[in-house]
Every structure is written in C-alpha cells, then in structure tokens.
C-alpha cells in the first residue's frame, strides 16, 4: 500500500488554507472535512512566496499550525514542496528563472509553469526549499507522502536551455559526425562543425506554427532533452527530500494523463508511486478516461496509482465547464478505483475566492456550509470508502491484451511533415482501446520496454518509430504463440526519425509478411471501403476506412480484406501472417468503429481472450484481483437503469455486503463491485 499508516483508499484533496486569513473558516473546514470523510489534505502546493519571502528567510509557522490542526482531527497530510510557481522577488532579482517561449519571447513574472528548468537559480532554490521542508517535517507523523512541485510541463528556449541542449547532445552522440548522421544534416545544408552552431528549435529556427518541424531529428531530441531536464528538476527535489525522509514515506508528483510534452514512462521510473490528475471535458468519451487510468497504471508495470486530483463537480479552464450530474462524481471515482487507483483526491477542498480558480469546483462551496448537493455526494463516497477499508488496496488488474503507447513515437509522428495533418496518434490508439472497452476486454497500456510474454494479444497502432531491438522482441513474441497487431504508418523510421530503407514497414516487414509500396492520404471526409473476403469470425461484409491508405503487397501474409474503391481497389487492406506459433495482423488504413469492434472480437476469440461480462451498451466493466479474490466493477454510464445478467454466477456485492445472482437492475450512474463467491 502507499503508506500503511492509512490502510484504506485515501479520500481528500488539495487544501489552500493560506488563502483565508480566518480561524473561523479554518475551524469550519476541519469540521466539514470530518463530516465528508476526508482523511488526507494536500498542503503547500503553491506557497513558495509565503514560505520564503526573501532570499534568506523561511517561514513555516503557518504550515506547522495547519498540519498539526488537521492531524489532531484525524486528517493526514500529502506535503507538497511549493515549487510549482517561483516567488516574484526571485524573478525580479534573478531573471534567468523566467522562460523564453516558443516564439522567442522572454516571459515576465506571472501565472505558473513559469520557471526555466535549466535556470541555475531555480534549480538551486527549489532544491534548497525541498531539503529545508524535509529536514523540518521528516519525523512528523501526519505526513504520509511528499508531493514534488505540481503538474510539470512547458518548454523553454532560452540561452541556458540552448547551452544545456548542446551539452546533452554531446553526451548522447559523443561526436558531431555521429550527430550529423543521426539528424541527416546533409539535407538543406545543415551540417554542424561546432557544437555552438546548434540552436534550440522553435519558431525562430526549425519549427512551424502547426507544430511540424523542418528537421524532425533536431526537434525530437529537443523534446527528449526538455523532458529529461524537467525530470532532473523533479529528481533534484526528490533526492533532497530522500536525504532526510525514510523510504517508507513515498515521493511523487502529479502527472496529467496523455499530456504530450513529457515521456511519462521515463518519469515513472523515478516516482515511488504514480499519481495523476483526471479532468475529462464535457465530450470526453468514458473509454478515453478509462484508457488514461490504464495508462497511468501501466507506467509502473501495473502497480496501483493515485488519483491525485479530480473536480468534485465542475472545472474552470475548459470552454464549457459543465456540472457533474448527480452520481457522476461517485461513478467516475469508482471507475478510477476499478482500474487501479488506491486514492480518491479532489481539487479543491474549499473553493478559492479570487483569481482564475474561483469557479473551479470544490467540496466546500462559496456558501460555506455542508448543505449542498456536491458536499453530500462527497460525504456519501467518503462513507463508502471507509466501509471498504483495505479490501481493494494493492489489488491488481490482470489483462491478457496490451496496447502499446510510446511518447517518443507520438512526438515523431506529430513533428513529421506529412503525410496528413489529420493523423492523431493518441486518437488512433484510443480507437483500438475503445473497441476493446465496448467488448468488455481488460487491457493494459504498456510502453515499448514492457515484457510481452505475459500477454496473448499485443496491439501497437501507428508504430511509426521502431526502436532498436523492438522488431526482434515482436518476432520472438509472435514465434512463441502471441498475436501481434499493428497498423498503417508503422515501421517507417528509427529512433532519430531516419527512414528504414528496404521498404515499409521496415524492420516489421518480416513478421508481418507484407510490403507497403505507397501511402495515400485523403481528406478525413473521403473514405474507402474494407471488403472482407468471405468471413472470419464475425468479420464480414463491408466497412469504411479513411485518413491514410497503405498500398500493400503480401509477402507470405494472407489478405483477409481488400480495398473497395479507387485505383487500388482489390489490394489488401487487412492481412494476417502466420509466424512461428503465432500470427501478426496488419490494418492498412484507419477503420470505422464498427469494423474495429468486429475485428477485435475476432482477434480475441482466436487468441482465447474472453470478455469480463456481457453487459448492455454504456455499461463499463473492469476487474481487480487480490489474494486470489476477483472484484468485478460494473459501472452504468447511462441515464437510465439497465439489467445486468450474471448468468448463474453467485457474487457478494461489496458495497452493500449482499449476496446477488441472476438478473440485477442497476440504476443510472450506478455502481456494482462484485466479489465472486
């Protein structure tokens, strides 16, 4: 578990008492926290200016008081380091802390995410305050976990970053000869003869307004570099804390799901527990949120994660900040728990009275009392989580299907000039996840370093970049009986975005048994057809596809379906290749949702992968396992009640402790946690 001092699913969230200079409000907060079943408060996230009013002075008296007051009332602390926004005095005295943006403009003091990760000043003072906090609170019994900074993100293009980038490149490549080869600098006369000729790629150099780069290798390495340097800032604080704090107290920082700018698989290696902030928009598919939970779980090989933030009701920063309808907050909380979360924490516990987050939802609203819909829903959930105790803590998700997600592959795809501006890597990954979600098939989201042998089916949509050794890894997996599936625009380049010669899909050509001669790109509104030859499983008839169209030739693979129109009518669009004891599928275009459901049902049936439960549309299933006991979550996202058929199995419904079997009526936004008897 995260910390055995609190052996239950934690319930709490961000608390900013420094925003109210009122003992009466603080006392009321504690009273209402207890009513709501709040047992963890995240403190000190944005308090650097309060903690350090000048270069030589620290003030933690206020923090002592708040930690102690909460602890006296049974509420633990998730202690942040306050470094998410530097103080104004620092920006004034040491302007090197201020970022230079993508357009080459030097930022002024303001907002947050405003510190240059390569600023000597920022690195010095952030490390120092983290260590000062650790020395002060290392033995405090209230502190369950340390929270470094907040939602790291954003790049900088200043001279310090440029110099650090050159050093990073020197360490990576060793010589300019190797760098020039890796970047293909013979193109457009870009050969470098001195390290200081290399400049940061932004709008003043290699980048374009639409995020495409003229030199993908340069821009790809700059993303790697910035991700690494921001990670290094985290590690500076982590190591400063760990000097004084025992390993029994974990250290984390809050991630942001599919956030594009940081390689979270690399970050997770440095985190004791993964935590993340879940803020779906009004039109986010439920399956997308489920996928992101699974991705966060996958960052550390399936270990449970923390839901560090979610709003109790509405947000403030999206175009349309709708309220969570009655029951939705509870429903989405159990969605997180069902997919591996061992905490349910909110932003924020009391609503801010000023600045940009004053309209962001909170447990305690501006009215200041507990007689609100949101508070009552939070309190109900708090009561249920107390009742669950440690039942679900450390429970794992066992999946036989994995989907590969790789940030560097995503970057390379996004930076490429062509073949289509509409190609969205995350969207293509989600399309495959969504089909499996509808089929009630449990999925792990994995990185390219993950062991494949524990899976029956591995799906790698748009595997544009094939890293060294990965093709051999796939071949071994398939040879040993696994099913591998990839798609159009795969196997094109290596890790520095240099095309693999010899024909697409490059190093995957052998295992797939195909050659892609050309890639057609059409407007997303223009479609072709996937015409199945005969039938395979439930796959039959015609389906639609769009976006990109690989024109492929079989080299040992079987053509299962063909294009239905255009000059490549009759050419293969879906192939399967027997390889060793297994098989490898190739989908040469971007199919419609109906095709993916039918296709992946066929793939899973052939691989012996079964769904968790047959349920109506709009109902989500997921399962966790602990000590041999399975816990099946059934979540009704519909606005109407549904009937769940248990097909003769006997269960104990965990939330009510009732024995159930046969057909169950599940109300709108309802939740079941079924332990098999």
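The backbone N, Cα and C atoms fix where each Cβ goes, glycine too.
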| Considering the substrate binding residues 112, 150, 357, 358, 359, 360 given in Swiss-Prot, which of 195, 317, 407 is annotated for that site as well? | 317
| message | Is it possible to get the count of other C-beta atoms within 10 angstroms of the C-beta of residue 161 (Zn(2+) binding site)? | response | 23
| remark: Comparing local Cβ density (other Cβ atoms within 10 Å) for the binding-site residues 116, 156, 158 points to 116
| query | Which residues, same chain and not among 116, 156, 158, 161, have a CB within 8 angstroms of the centroid of the CB atoms at the recorded Zn(2+) site? | reply | 99, 100, 117, 118, 119, 155, 157, 159, 160, 162
| CA-CA, which of the recorded positions 116, 151, 158 lies nearest residue 360 (substrate binding site)? | 151
| query | Out of 112, 358, 360, which of the binding-site residues is least crowded by other Cβ atoms within 10 Å? | reply | 358
| message | In whole Å, how far does the CA atom of residue 156 (Zn(2+) binding site) lie from that of residue 150 (substrate binding site)? | response | 17
| query | Out of 151, 158, 161, 309, which of these recorded positions is nearest residue 112 (substrate binding site) by C-alpha distance? | reply | 151
| message | Please give me the CB contact count at 10 A for residue 317 (substrate binding site), counting all chains in the structure. | response | 10
